[in-house]
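The next block holds one structure in the form of structure tokens; read it before the comments.
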Amino acid sequence: MTDKKYIIALDQGTTSSRAVLLDHDANIVEIAQREFTQIYPQAGWVEHNPMEIWATQSSTLNEVVAKAGITADQIAAIGITNQRETTIVWEKETGKPIYNAIVWQCRRTTEITDKLKADGHEDYIRQTTGLVVDPYFSGTKIKWILDNVEGAREQAERGELLFGTVDTWLVWKLTQGRAHVTDYTNASRTMLFNIHTLQWDDNMLAILGIPRAMLPEVRNSSEIYGQTNIGGKGGVRIPVAGMAGDQQAALYGHLCVNAGQAKNTYGTGCFMLMHTGDNAVQSQNGLLTTIACNAKGEPAYALEGSIFMGGASIQWLRDELKIVHDSYDSEYFATRVPDCNGVYVVPAFTGLGAPYWDPYARGAIFGLSRGANRNHIVRATLESIAYQTRDVLEAMQSDSGQTLQALRVDGGATENNFLMQFQADILATKVERPKVKEVTALGAAYLAGLATGFWKDLSELRDKASIEKTFVPDGDEAKRTRRYKGWKKAVKRALEWEKEEE
């Protein structure tokens with residue numbers, strides 16, 4: 001039966017490009033994945049080669065079709081999700097990038113952000129874009145390229161250069177330069193976008209000296225942006241029809257489309273997003289206000305908090321302390337003891353993110369006594385991930401006035417049943433782990449499938465989305481309060497560790 005149709009999600013991540021093929025029941029049929037080079041020209045700088053991003057992404061697209069043994073005319077649509085903030089500038093005529101992609105992790109624009117703060121722009125940026133002033137976001141990266149690549153500024157003034165985040169670059173390449181577009185979620189990460197008027201902000205463009213002609217058109221996350229030919233000229237034309245930044249795509253993949261719904265992605269770091277509906281909540285607790293999708297893939301709002309050390313703290317146990325062989329061991333050691341024996345690990349190896357925002361905090365282990373052993377330290381490290389998640393969730397609930405009914409989870413560390421149960425206990429909230437683990441790709445596929453009528457609406461998808469396991473919190477309120485109080489005490493002592501004392 002060859003009339004069976006599929007959706008492909010292109011998931012362009014920080015270390016690899018993937019293509020995920022889904023059928024009409026939202027099951028994953030096939031995955032193709034290719035890694036690409038991380039370029040570190042100097043300390044704190046991170047780049048990717050945009051042509052290599054395209055080469056790996058386009059080859060996984062062809063590969064996933066070949067592996068599944070289907071033909072191109074069986075593909076109903078392509079959706080895209082991408083590493084956010086990463087910045088590419090290329091020539092309109094030739095399609096040639098004028099510099100490597102500057103990756104979201106890259107800190108080279110710290111001097112530019114320091115100057116923005118010194119010039120008093122912080123409040124305006126927070127109110128207008130919903131973001132904090134940080135090298136993380138695209139705006140200062142574009143300015144750096146225009147200031148540092150020979151002739152770039154002049155070319156930009158003449159309208160010869162285009163800017164895009166990775167989604168924009170992929171659509172431009174897929175449509176052979178016919179579409180220069182981005183979606184609201186990706187635009188909201190540039191520090192150039194007014195999240196209230198949903199327009200590029202002329203004032204921010206003036207502050208950073210970026211010509212408006214470089215910028216892509218901003219569209220909904222679920223609509224047809226253009227067609228791509230699979231198999232070269234004369235090949236089958238397939239609509240490119242859905243697009244969202246990775247964290248927003250994951251939120252959508254969890255079907256969190258209403259105010260008060262939230263998800264946490266447990267990767268190297270953790271990203272927590274809470275949907276706030278039509279309300280752009282200004283955080284009083286150092287969270288970001290960002291654009292997410294409503295049920296139809298149109299712009300809505302979310303609060304976002306990031307935790308720097310999630311799974312990375314387990315890697316530290318494995319690679320530096322060498323007390324576990326692999327991250328799967330951590331659950332085994334943690335469950336050999338009934339509790340942490342008073343031990344707390346604060347994994348502030350690179351400072352602390354939301355809601356503390358203290359770059360001077362450093363990692364520490366507190367509460368050690370003679371009876372403390374390897375199991376206690378492993379368990380305390382796992383627990384630190386759950387405590388940090390509670391820190392962010394409390395900030396979100398206080399900002400939004402919403403109380404969470406259940407937390408949806410995804411990412412590598414969610415396989416750890418001990419961590420998920422402890423997370424539920426410490427939040428006093430149900431934790432729901434979905435059956436399909438690739439929720440980011442799922443989100444991009446849903447957006448593309450809804451735009452092309454492959455699925456008629458979100459309620460059809462709700463019937464297909466199944467929760468593999470729900471972790472229910474234990475009722476011990478006194479224990480929960482006591483443990484969390486201990487965590488707060490430990491964090492307090494780790495703050496400002498690196499600050500020079502007078």
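The first residue you see is number 1, and the count goes up from there.
The backbone N, Cα and C atoms fix where each Cβ goes, and this holds for glycine too.
Note that this is a predicted model, so its numbers are computed, not measured.
Just one of Tyr40, Tyr136, Tyr301 is listed by Swiss-Prot for the same glycerol site as Arg84, Glu85, Asp246, Gln247, and that one is Tyr136.
Thr268 is the residue from Thr265, Thr268, Thr350 that Swiss-Prot records in the ADP site together with Thr14, Arg18, Gly311, Gly412, Asn416.
Ranked by how many other Cβ atoms sit within 10 Å of their Cβ, the binding-site residues Thr14, Thr15, Ser16, Thr268, Asn416 place Thr15 at the bottom.
The most densely surrounded of the binding-site residues Arg18, Arg84 is Arg84 (count of other Cβ atoms within 10 A of its Cβ). The maximum pairwise C-alpha distance among Thr14, Arg18, Thr268, Gly311, Gly412, Asn416, the residues recorded as binding ADP, is 24 Å.
Around the Cβ of Gly412 (ADP binding site), 15 further Cβ atoms fall within 10 Å across all displayed protein chains. Of all Cβ atoms in the protein chains displayed, 26 besides its own lie within 10 Å of the Cβ of Asp246 (sn-glycerol 3-phosphate binding site).
Listed in sequence order, the residues of the same chain lying 6 or more apart from Gln247 (glycerol binding site) and placing their CB within less than 8 Å of its CB are Arg84, Thr265, Phe271, Leu273, Glu304. The Cβ of Gly311 (ADP binding site) lies under 8 Å from the Cβ of Tyr266, Gly267, Thr268, Gly269, Ser327, Ile385, Gly411, Gly412, Ala413, each of which sits 6+ residues away along the same chain.
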